[in-house]
Amino acid sequence: MQQNEKASLNTSAAAAKAGSYTGYADVYDFWYYHQRGDGLTVNGKPSYTTDKAVSEGLTRPHTTWNGDNVFGKAANLTYSFLNTFSSTPNGHTGPVKFTPVQMQQAKLSLQSWADAANLTFTEVSPNQKANITFANYTRNADGSLNTDTQAYAAYPGTHPVSGSAWFNYNQSSIRNPDTDEYGRHSFTHEIGHALGLSHPAEYNAGEGDISYKNSAAYAEDSRQFSIMSYWEVENTGGDFKGHYSAGPLMDDIAAIQKLYGANMTTRTGDTVYGFNSNTDRDFYTATNSSKALVFSVWDAGGTDTFDFSGYSNNQRINLNEGSFSDVGGLKGNVSIAHGVTIENAIGGSGNDILIGNGADNILQGGAGDDVLYGSTGADTLTGGAGRDIFVYGSGQDSTVSAYDWITDFQTGIDKIDLSAFRNEGQLSFVQDQFTGKGQEVMLQWDAANSTTNLWLHEAGHSSVDFLVRIVGQTAQSDIIV
C-alpha cells in the first residue's frame, strides 16, 4: 500500500467502525499490527525501525571479514570442524568433534545466511586455517562437567580465535539439532556472531541480571524480530508456542545485508513458501498441518506465493514488506524482509484475513469466512467456500485502468465492503447513470458474460475512476456502504 492510501486507512477507520461490522475494521487493525518506529513507545521502551535496530543494535561491532567499518562488500569464507583443541577462549575443555548430524545442520545454517547476503562458504579440512570453526566442548577449566552454558562465538578479525564457534555437547539441543529446533537456532545465532553481528543490545549470558525488561534497549529486541536476540517472542506480542526460527529473521536479514550486501540471486524464479514449497529450505516448507513455520522471507524476484492452505486455524496473512503474519495457529511467526515482494497468498480452511500489496496480487481465501483486501494493483480475489468479505480502502485500490476481479462472488452470502469511503460522505446507489454529485455506486450487470461491474464515483472527482469486475450477479444488498 502506498503512503497516501495508508493515510486513507487512518482517516477512514473511525467511519468504518462507526457502522455495523465491516471487514474493513479487521483490515485496519491488521495493517497496523507490529507498527514500529515513528516515535512509538512499546513496553516502556522506544520502538526502533529495522534500519535503527540494525545500525544501533545488530551491527554495533562495526566489523566484517573485510575489515572494520567495511560494509556492503561480498566475502568468500572458509569453515572447518575441528577435531580437537586444548581449551576455548572461555577456558572450556573436553573436546568432542562435531557429529555428522551437527555438521549437516551447521551447513544449513550457513546456507541461510548466504541466501540473504553476498557470502560464500567453502569447507576446508580441520588442519587448515578457516575463517569460521566449529567445535563442541563438555567441561569447565577445572575439569568438572559443564551443564550451564549453551554456545558462544567470536567476531571476525585476525586473532587466532576470530570466527570460532563453540557449543556445549552436554546440551540435548546441541547434540540433536535436527530434532530440537533450539539447536539449529543456536547454530544460526552463533554463526551470526562469527559474521559480525551482535546481540541487539549490550548483554551476554551469565553477565548480571539480564532480562528483556532490564537489558533490551528497544521494544523489538525479541526472537520475533531477530535470531540474535535472547528474549522470548511474547515480549513483543508474538506466540510461537515454543518453536524457534532456523534462519535469520527480518532485522537479521537487513543487518547481514548491510555488512556484506544483499544476495540478489536468491530465489529469482516463481517461489512457493509453505505448502507445496519449491524453496529447498526446510524452514520455508510445510509438509503437513502440524508443521510450525517460523521464518522471514528473503526473495530476490519472480512471482511468489505464500501457500498456507493446509492449516485449519484462523490466519492473518499480510503480503507487504516489513509485515508479520499469523500462520498455522502461531502469532507473528511469518514476516517479509524489507525489499521483498510476495505477490500471491493462499489461505486455509479457517476464517482468514488476507492483505495484498502494490503488486497485481492473487489472493485465495479457501474455505471459511474470509476477509480479502487486495490493496492497490490489478488483483484477482477468490473467496472460496464460506461467507467472504472483499474490502476496499480507497479509490486507488481498483481503478478503471487497473481493476480487480472477484472470481467467485456468491450473492446473498458474500459482501463487498466500501465502508472506508464513508469519510468522504455517505454512499448511495444509482441505477443507470451518475448524477455528478459524487459518492454514488452503480452496479452494471453484463448478462452475456455473467459478470457485474461495480462503479463508484467519489466525491470531488471529475470522472468515475473506481471499478471492480465481479464474476456473477451482485445485488445492492451485497454491498456494505
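In case you wondered, yes, glycine gets a Cβ from its N, Cα and C as well.
Same-site candidate for Ca(2+) 7 binding, as annotated by Swiss-Prot with Gly384, Gly386, Asp388, chosen from Asp360, Asp414, Asp417: Asp414.
In Swiss-Prot, the Ca(2+) 6 site is described by Gly377, Asp379, Asp397, and among Asp370, Asp404 the residue recorded at this site is Asp404.
Of the listed candidates (Tyr169, Tyr218, Tyr230), Swiss-Prot assigns Tyr230 to the same Zn(2+) site as His189, His193. Note on proximity: of the binding-site residues Arg267, Thr341, Gly377, the one nearest Gly384 (Ca(2+) 7 binding site) is Gly377, by Cα distance. Here the Cα atom of Thr341 (Ca(2+) 2 binding site) is found 29 Å from that of Asp414 (Ca(2+) 7 binding site). Taking the centre of the Cβ atoms of Gly366, Gly368, Asp370, Gly383, Ala385, Asp388 as the Ca(2+) 5 site, the nearby residues of that chain (Cβ within 8 Å, site residues left out) are Gly347, Asn351, Asp352, Gly365, Ala367, Asp369, Gly384, Gly386, Arg387. Proximity to Asp352 (Ca(2+) 3 binding site), judged by a C-alpha distance within 10 Å, picks out Gly366, Gly368 from the binding-site residues Tyr230, Glu343, Gly366, Gly368.
Same-chain residues with CB within 8 A of the center of the Gly302, Asp304, Thr341, Glu343 CB atoms, the Ca(2+) 2 site residues themselves not counted, are Asp270, Thr271, Asp299, Gly301, Thr303, Thr305, Val340, Ile342, Asn344, Ala359.
Cα of Gly377 (Ca(2+) 6 binding site) to Cα of Ala359 (Ca(2+) 4 binding site): a span of 5 Å. In terms of C-alpha distance, the listed binding-site residues Thr271, Asp299, Ala359, Ala367, Asp414 place Asp299 closest to Tyr230 (Zn(2+) binding site).
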